[in-house]
Amino acid sequence: MDLDLLDLNPRIIAAIKKAKLKSVKEVLHFSGPDLKRLTNLSSPEVWHLLRTASLHLRGSSILTALQLHQQKERFPTQHQRLSLGCPVLDALLRGGLPLDGITELAGRSSAGKTQLALQLCLAVQFPRQHGGLEAGAVYICTEDAFPHKRLQQLMAQQPRLRTDVPGELLQKLRFGSQIFIEHVADVDTLLECVNKKVPVLLSRGMARLVVIDSVAAPFRCEFDSQASAPRARHLQSLGATLRELSSAFQSPVLCINQVTEAMEEQGAAHGPLGFWDERVSPALGITWANQLLVRLLADRLREEEAALGCPARTLRVLSAPHLPPSSCSYTISAEGVRGTPGTQSH
């Protein structure tokens, strides 16, 4: 019994045992007034008991935040990431997607959001030493049909994309049988899916990645500008459920989002082109933004801008508690999504 290890007056220890409290942790489950009533100890004695119990569980060492960060082996899940399948993109995100929390990937049409989501569905199936989680993925479609042909192409091209993985291991992986696809058409069906179907797959260890493509589509279809309150409630419910699932099963959640565009006239003082400049921002507003851990933006330039020599596609870190605002360019080929070396900027 660890109660005997506490540096307390034997009379206090006896009072604790008489109250049928069996451990230090059990003592800390009660408030001061409750302990006073259970043990018949005085207020100073109860305060001393709680302080001693707290110090006993905490231990004597005091660690700084830097020391905690450096001792990764003591907190493995806090530092583990899901690789994106590309060393350049992983470097941008310091290893990949965090396991606990929602990552949003917003961007224009044809920016490559779905391509990256499919690549993650394959990456999650690799062993941990190769950046995966040794499990499958749940892919929830809310807009278009699932891109089966593109997935088959990516599966066939894995040996060319993942040159870091031995060929015999690639041959053993059965990528297609580890991706569980759901199609939902409205908000209620989406909420039912994440509340009932997704937890079953996660709890059985069949999946460790949840993808929603896209989160904005059902909300934009069902709720107009006059229905902001019910939309906010449903967004909060969805976000809370996804965060709870991610935390409980240490499974990253990737939500693809649409963007809104604001037009600004760009003159000579603002740039060399003299046309209307589009400023994009993720859809769904502040209610949804508050549910997120990481917010990424996949940006695809227009032909006029790309003609000036700018990178055609850029992945930006808009916000994250562990990442600075940064970006890198990337390309999409038959093999998948690759970051361009030497293009990362802060």
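Just so you know, glycine gets a Cβ as well, placed from its N, Cα and C.
Taken from Swiss-Prot, the feature N-acetylmethionine covers MET1, and the record attributes it to a large-scale study or a structure entry.
The feature ATP binding site is assigned by Swiss-Prot to GLY107, ARG108, SER109, SER110, ALA111, GLY112, LYS113, THR114, with sequence analysis given as support. The secondary structure of ALA111 (ATP binding site), as reduced to three states from DSSP, is coil rather than helix or strand.
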Any further residue of that chain within 8 Å (Cβ to the Cβ centroid of GLY107, ARG108, SER109, SER110, ALA111, GLY112, LYS113, THR114) of the recorded ATP site:
GLN115, ALA298, ARG300
Among SER109, SER110, THR114, all listed as binding-site residues, which has the most CB atoms within 10 Å of its CB?
THR114
